[in-house]
């Protein structure tokens, strides 16, 4: 049995170990609390900064152009910036007249004479991919002898969205501009104006304003293949026309124009307005201004129904957006105002209770329905079913337009190259897309829809007798769907590009009566579909390719006459020894080298001859002096020789004896 002393020591050691363990647990607890506090603090800070203005959504892209302006312009009352005119394909700047008081207060415009082509565009680059509201205001040229009201068509990204109607300049509403919500996905925006023969298109301003990616999403059929053209936009009960900017609206709304309407018909309704704040107004994705819901039209006892009728184009789809907020102080709860909504007599919304559906009074409610209209009017009817009156704050109506498929980009670039190299006259235009809108294809270019690529392609060029010059570029081969080319009767010069032989679908090639020179490319013999080839009336030379000559036996029609240098088939002169292009180049190089050698030898011989003649002249000039020097040297040598002989004789005689 351990002694009491040992027991005390053991107990003391256990107590110390237990104290250490307790301290460790306390330290772990403090560390855990510190970690949790840090995490909570970080979470709080993240949430705080997420709500702070510094991390708010960045402002949307906005591009406003004052057409015809040479300097940037700022306009009242919001000091809006308009960039000076740029990105146009042609036209003439001029002073402009505003046809409507809602038109921006700008003083210039750009008009497009028919002499510069039936299609003219603004091609604006460096536009970020996204969803945009695009708006163009029309103007009147402030000069004499101009049609006071031009009529023309408008397209966006190759899709026609609007046709100006007679009398548009006399209306202070949406007829003064064209507006559409469209997706721009290729970094640019193409806005084109198509002449219809009734005056010259005149554009006062262009706006490209970014909106939310999901703005005006009306359902499963909505997406990048859809354009929504504004047919009408009404602020019910309001007394003045306003833009979103005037309402201090969110810029992501696109600065919409709201046309005021104080009544749908005489004694059929009354206006109502409040200053109470409206909840759930300026929210994504459409960001409507709050003030839009602070006015409304309310039906009366005399006519309990509210009814609005809009003229539209028949056989089109329209997206209708209806706005409500219960701002009538006499309605205090659910069930006190209930009505059905009919469009052209069909009930589209049944039992609409604004308070119930929005969640409260003074709260915004938006309803949307897309319908097909077969007639020429769209009628919206609000029919009360509980309570005696109907109410509405605003109405938006959009025409739903399916976007056109564009032309293959490579083929568009090839046509633009042809336009430049052939010196295409301005009257052709050739701006925008060659094939769309289908109402306005380019003159001289035939289009066909390619189901494989879902794009338009060029299958024919008809530019005969158009006064063209320049040369035919190799890029013509990028038009790989061509079946027919007719460039006859022009003044095109240079060689026939061998790249034509790569257009496998080509059936007709008519280059007659131009100034083409050189030989016929061997590659044309590869065109197995070619059944007509007219090269007559040019300055071609050399042997007709054998592959083409063989095609004459397969009912192909070829014409090579009036080319003095061509040979090799019946009807043309007989060719001499035929040399390939490589052999001709080799011979040319050999002749050039031989000529250089002969010239070099002649130069060397001539220099040598000149040196010999120079030496002979010098020798002839110095001859007398040389002869004298020769005689003198000989005399000196003789004297020296004589002296040496005399000396030797004396020595041989022995010493002289002196007496």
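Cβ from N, Cα, C; glycine included.
Any TrEMBL annotation is an automated prediction that lacks curation.
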Which residue range, 34-51, 52-69, is the one TrEMBL calls transmembrane segment?
34-51
With TrEMBL as the source, which of 563-584, 585-606, 607-628 is set down as transmembrane segment?
585-606
To what whole number does the mean pLDDT across the domain 'Malectin-like' (65-400) round?
95
